[in-house]
Amino acid sequence: MKDLPGMPGTPGGLGLRVLQLLFAAISLAVMSSTADFASVSAFCYLITTTVLQCVWSLTVAIVDIYALLVKRCLRNRRAVTLFSIGDGITWLVSLSGACAAAGITVLIDADLIMCSENPCASFQTAVAMGFMCCFSLLPSFLLNFYSIASSHG
């Protein structure tokens, strides 16, 4: 396996995990703070995906911290494959949650013009943080996937 910055067990990898956790936690907190998120299934789905993202990122961040503290290499084929599959699934689920919530937010804001009755700024912030979470997860997935693909041949 190639030693790339951002791979599991590196400071760059830990930094990406912390960013993922931060963006997901902000999205979760902002959306949960709105009174009427439970009435819209797309907003509930965004909350579910951000909880999944928080759990995944926190777990992998703890593994990264442990690997950095004991100076253990996490770049073996089995571990990187596990991280790549987890990152890929989590990325797709998080992206679908952010897209679904974005669609409803645009509907409420631009099409129905109901922002006076709804906390549109909170919805938009939660959706933006959901997308930022996805964008910060993508490098982790791509680096792990590239590492697997390049070591196979």
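Any Cβ shown, glycine's included, is placed from N, Cα and C.
Within the chain, the topological domain 'Cytoplasmic' (1-10) has long-range Cβ neighbours (under 8 A, six or more residues past its boundaries) at 16, 60, 63-64, 67-68, 72-77, 79-80, 83, 139-140, 143-144, 146-147, 150-151. Here Swiss-Prot flags 1-10 (among others) as topological domain 'Cytoplasmic', drawing on sequence analysis.
What Swiss-Prot records for 11-31 (among others) is transmembrane segment, and it gives sequence analysis as the kind of evidence. Residues 5, 37, 43, 46-47, 50-51, 53-54, 57-58, 60-61, 64-65, 68, 94, 101, 122-123, 125-127, 129-130, 132-133, 136-137, 139-140 of the same chain lie 6+ residues outside the transmembrane segment (11-31) yet bring a C-beta within less than 8 angstroms of a C-beta in it.
For the topological domain 'Extracellular' (32-49), the model's pLDDT averages out at 95. As annotated by Swiss-Prot, topological domain 'Extracellular' applies to 32-49 (among others), with the evidence given as sequence analysis.
Taking Cβ pairs closer than 8 Å, the transmembrane segment (50-70) reaches residues 8-11, 13-14, 17-18, 20-21, 24-25, 27-28, 31, 83, 86-87, 90, 93-94, 97, 130, 133, 137 in its own chain, all 6 or more past its ends. Residues annotated as transmembrane segment in Swiss-Prot: 50-70 (among others).
Per Swiss-Prot, the feature topological domain 'Cytoplasmic' maps to 71-87 (among others).
If you look at the transmembrane segment (88-108), the same-chain residues 6 or more away from its ends with a CB under 8 A from one of its CBs are 24, 31, 40, 42-43, 45-46, 48-50, 52-53, 56, 114-115, 118, 120, 123-124, 126-127, 130-131, 133-134, 137-138, 141, 145. Annotated transmembrane segment per Swiss-Prot: 88-108 (among others), in sequence order.
Per Swiss-Prot, the feature topological domain 'Extracellular' maps to 109-125 (among others). Sequence-distant neighbours of the topological domain 'Extracellular' (109-125) (same chain, 6+ residues past either end, Cβ-Cβ under 8 Å): 26-27, 30-31, 33-36, 43, 101.
Here Swiss-Prot flags 126-146 (among others) as transmembrane segment, drawing on sequence analysis.
Residues or ranges marked as topological domain 'Cytoplasmic' in Swiss-Prot: 147-153 (among others).
Secondary structure of the topological domain 'Extracellular' (109-125) per DSSP, as helix, strand and coil residue counts: 9 helix, 0 strand, 8 coil. Sorting the topological domain 'Extracellular' (32-49) by DSSP state (H, G, I as helix; E, B as strand; all else coil) yields 14 helix, 0 strand, 4 coil.
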